Structure formats: C-alpha cells, structure tokens
C-alpha cells in the first residue's frame, strides 16, 4: 500500500533506443524556448511602463504558470530520455502530479480572466478602468490560484489515496491521473468520478467564459467601420482561439473521457498541453501585440 511508498518506473514517450537522443534534443530545444519566451515576457512587462496594464498583468501570471508546470514535467522527461533512469519515487510522483494539476488548473482560470479583460476593453471601453481595476485584477488572480490549489488537493487525493500493490510501470512520461489509477489495486471508481466532475467543472466553466467573451468581441468587431481594424482584430482573436482550442481540446481528451478509453494516444495529447502550448503562448499572446513590439524596441535601443 501507500505506507510502503514504492518507486515507480515511467515508461516514457517511447522505448525505441535510437529515438531517445533525437527526442531529447527536440524537447530540450522546446524547453529552452519555453523558458526564454515566458521569462523574457515577464521581465519585459516588469521593466516597460507602457505594459503596466491589466492585460499584461494577467499575461505575466499566465507565463508564470506556463514556466512552472512545464518545469514540473520537462526536466524529468529530459533526464529519462538522456540517462535512461526512469525511476521516480512515490513522493516525487505525488509532488509532480500535484504541482502539475495546480498550475494547469490555474492557467484555465487565468485564460478566462484574460478573455473577460479583453471583452470589457473592446465591448465596454468607457467603463473599462472602473470594471477592471487593480483590485479586481488581484481578486481574479487570487481566485485562480485558490480554486487551482483546492482542485489540485482533490485531484491528488483521488489519484493517490488508494493502494498500489500491482506493477509499478507507469505507461506515461509523467505521473498523470489515468495511468496512476490503472496501477491501483483498490476501488478507484469514486476517485475517477470525482476527478471527472471537477475537471468538467473547471474546464467547461472557464471554457464557457472564454467562448462567451470572444463571441461578444467578434460581434463588436463586426460592427467596426474600418476594414483594416476588423482584419487585425480577427487575426488576434483567431490566434487566441486556436491556442485555447489546442489547450482545451487536449485537456478534454485526457480528462473528460471514460477510463476505459485511455490508451497510447494519451501521450500524444499530453505533449500538446505540457510541452508545445507553453512554448507557443508567449508568441501568440505577447509578441504579436504592438505594445510588446514597441517595448522590445525600446529595450533594444537602451541596450
């Protein structure tokens, strides 16, 4: 049982020997770009006065969540690929899953807060300063982390609250809920139902806020008289929605399907939201904006 705190073996992305080093190089490059892009964006917002706005306040926390949950997953995955030592302790497995669940859930709520901020800015510009005040921004961020912390505790308790007395080979590249529950020898139906219900509440609730916000934004954009303005707004909304669709689509595929349907495709879906999404988000949400480009130009001239 859990009192023995057994070690687990992560089977990883692939067991093909010749593919280990190429995958290591690819994912190392992606991880470096992820850290450089997100940390660079956070530093830029911190040093550039023109970026001290609610949108970039949310974006810094969003980048922080990207860095944190990517760091929870990628270094262990890279060492497994390079050294081949795929063992992870019971405590390490619990910690990895708990932190991953915390930051991914926080990111869902931060995405909803960012969508709400853009909705107010575009659809109600005259009342934007009053509605999205600094106090409101801090409340939304605090709510995101509070809900994420409580959700992560429940996810972790439901996943690791039983006994693991069978094989210790985890068919994944990190300690996720579905492969861990398959190793449990106690009854996991209650935990699976609780994880499904909570994931649905977090995912569908924040997803509905995002869809409603962008739906109203698109309706407001259609009313613009300027054709270049409409095209620019459409491009921005489209890129955001593509990023959200990839992130939520892979999450829904992983956590809103019956346990019997999980299989080898889970690893592919997990790569999208654990590896690729954190790398792309700084470019989609930050570097495409005029304000960020202008701030980068100023910093470059100072240097």
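Every residue, even glycine, has its Cβ placed from backbone N, Cα and C.
Remember, TrEMBL labels are computer predictions, not curated facts.
TrEMBL has this to say about the protein:
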type	residues	note
TRANSMEM	23-48	transmembrane segment
DOMAIN	37-285	domain 'G-protein coupled receptors family 1 profile'
TRANSMEM	55-77	transmembrane segment
TRANSMEM	97-116	transmembrane segment
TRANSMEM	137-155	transmembrane segment
TRANSMEM	193-212	transmembrane segment
TRANSMEM	233-256	transmembrane segment
TRANSMEM	268-287	transmembrane segment
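By the count of Cβ pairs under 8 Å, the stretch nearest in packing to the transmembrane segment (55-77) among 23-48, 137-155, 193-212, 268-287 is 23-48. Per-stretch counts of Cβ pairs under 8 Å to the transmembrane segment (137-155) identify 193-212 as the leading one among 23-48, 193-212, 268-287.
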